[in-house]
Amino acid sequence: MSLKEEQVSIKQDPEQEERQHDQFNDVQIKQESQDHDGVDSQYTNGTQNDDSERFEAAESDVKVEPGLGMGITSSQSEKGQVLPDQPEIKFIRRQINGYVGFANLPKQWHRRSIKNGFSFNLLCVGPDGIGKTTLMKTLFNNDDIEANLVKDYEEELANDQEEEEGQGEGHENQSQEQRHKVKIKSYESVIEENGVKLNLNVIDTEGFGDFLNNDQKSWDPIIKEIDSRFDQYLDAENKINRHSINDKRIHACLYFIEPTGHYLKPLDLKFMQSVYEKCNLIPVIAKSDILTDEEILSFKKTIMNQLIQSNIELFKPPIYSNDDAENSHLSERLFSSLPYAVIGSNDIVENYSGNQVRGRSYPWGVIEVDNDNHSDFNLLKNLLIKQFMEELKERTSKILYENYRSSKLAKLGIKQDNSVFKEFDPISKQQEEKTLHEAKLAKLEIEMKTVFQQKVSEKEKKLQKSETELFARHKEMKEKLTKQLKALEDKKKQLELSINSASPNVNHSPVPTKKKGFLR
């Protein structure tokens, strides 16, 4: 064999040896997997205490046996010599088939949730006396919903009214004006059930719909309250220290519809058009026990047609890909049953079967709160609490709040560049921070001006009232003094007349008086 042929054979041998090496590795992997099938089955049957040992063994299973790779050294290949095949390198590969531990993440989340508890902010809107408070007490099975008043927007005005008590008709007119305003009150309570704590915040709207002319002023305070809670959360996110953000955003809005049985009023449609993009809207027909089943079905159909024509979107329970048929059917039923015809009562009555149930007793029978044949109370509880409370909070955070945040920042002139390779410009960053800071200052300035103007107007009213009272008092005293002066003059004239009539013949010439001094 010539030297040229030997060099060609040397160049072809590595390719052949690579193919042989791959075949040998495949056979070796199959053998190793068969050898360790029994060990893995023993591990999965309960021997989970050796996780760390097996993990270390798996890491150290990749071994390289001593030998000459490919059987050819560099010096021999340069000389053109061919050596016999040498023992090849053996690779042992293993996969970790043991228990890693991330399946315990739900348990960790459960433990953390039990420790921290949950929070839920619920807005109740409807006319006074429609049963908002009663339904809240029935939903959460707690009669102390209104025990802790956290925030009252009319508190300052009430304090001013107390200072002005007993000061005339001006106070009565002012208090009458205050009674015709929507008052927003926030109540907080901690409810515990089976070791799970819920921080419940119920926001009530007193005076809604009580105006003779229910224009935009009827729902403006409610919209401002929702926006202010979004602004508070946005300001908390922009702070340096964000570990203690208290979420006060409205997670759901229960709108109470009067049980007229006909159609929605213009006020109902206008309010729901203004609020459905800011919170999860859930309409309910209050006091539905005054309607028959046929009237309820007809009323529901009319309401849904009006909402569709007005392009008002209600909260729709999501259906996930891994949901079974029962959960999917429940989600569809919860949405198709809107608006819910509900009743509220925590009174315990006895039904016809002799069982103690929550409900109301009438001369014609007993209506049960938790009976699906009597009301949609259980559907509302499933949607609001039992099944989709976290979905309500998630939609508020990821959709409604993000839409509000984007529009808010866009109004401030802050735009986002979606390019991936974006250079950091400190000047533009500083300009954005300056814009945000100026917006905050402008907001604070507007709030301070509003408060200042309010205080000034209240002080002016007090001064005007005091001035009016002083003028009235001065006038009254002047008239009184004038009457007294006139009475004294009349009395003087009477005395003079009586003196003249008593001594008619007396000489009224002046009597000379004695002079004092030494010249008398």
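Cβ atoms here come from the backbone N, Cα and C positions, even for glycine.
Confidence across the coiled coil (427-508), taken as the mean pLDDT and rounded to a whole number, stands at 86. Swiss-Prot lists 427-508 with the feature coiled coil, giving sequence analysis as the kind of evidence.
Look at Swiss-Prot and you will find 1-24 (among others) tagged as compositional bias 'Basic and acidic residues'.
Per Swiss-Prot, the feature compositional bias 'Basic and acidic residues' maps to 51-64 (among others).
Annotation comment: Swiss-Prot describes 168-179 (among others) as compositional bias 'Basic and acidic residues'.
Per Swiss-Prot, SUMO cross-link is recorded for LYS4 (among others).
The SUMO cross-link annotation in Swiss-Prot covers LYS11 (among others).
The SUMO cross-link annotation in Swiss-Prot covers LYS30 (among others).
According to Swiss-Prot, the SUMO cross-link annotation covers LYS63 (among others), on the basis of experimental evidence.
Positions annotated as SUMO cross-link by Swiss-Prot: LYS287 (among others). The number of other Cβ atoms within 10 Å of the Cβ belonging to LYS287 (SUMO cross-link), over all protein chains shown, comes to 19. DSSP assigns LYS287 (SUMO cross-link) to coil in the three-state reduction, outside any helix or strand.
As annotated by Swiss-Prot, domain 'Septin-type G' applies to 116-411, with the evidence given as sequence analysis.
Sequence annotations record features per position, and here Swiss-Prot assigns phosphoserine to SER2 (among others).
The phosphoserine annotation in Swiss-Prot covers SER9 (among others) and is backed by a large-scale study or a structure entry.
Annotated phosphoserine per Swiss-Prot: SER60 (among others), in sequence order, evidence recorded as a large-scale study or a structure entry.
Here Swiss-Prot flags SER77 (among others) as phosphoserine.
What Swiss-Prot lists as phosphoserine is SER175 (among others), and the listing cites a large-scale study or a structure entry.
Per Swiss-Prot, phosphoserine is recorded for SER509 (among others).
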Item to check | Close approaches to the region 'G4 motif' (286-289) from elsewhere in its chain (Cβ under 8 angstroms; 6 or more beyond its ends) | outcome: 126, 130-132, 135, 256-259, 296, 341-343, 360, 367, 374-376
Item to check | Cα-Cα distance linking LYS443 (site 'Not sumoylated') and LYS287 (SUMO cross-link), given in Å to the nearest integer | outcome: 42
Checklist entry - Taking the Cβ of LYS443 (site 'Not sumoylated') as centre, how many other Cβ atoms lie within 10 Å? => result 12
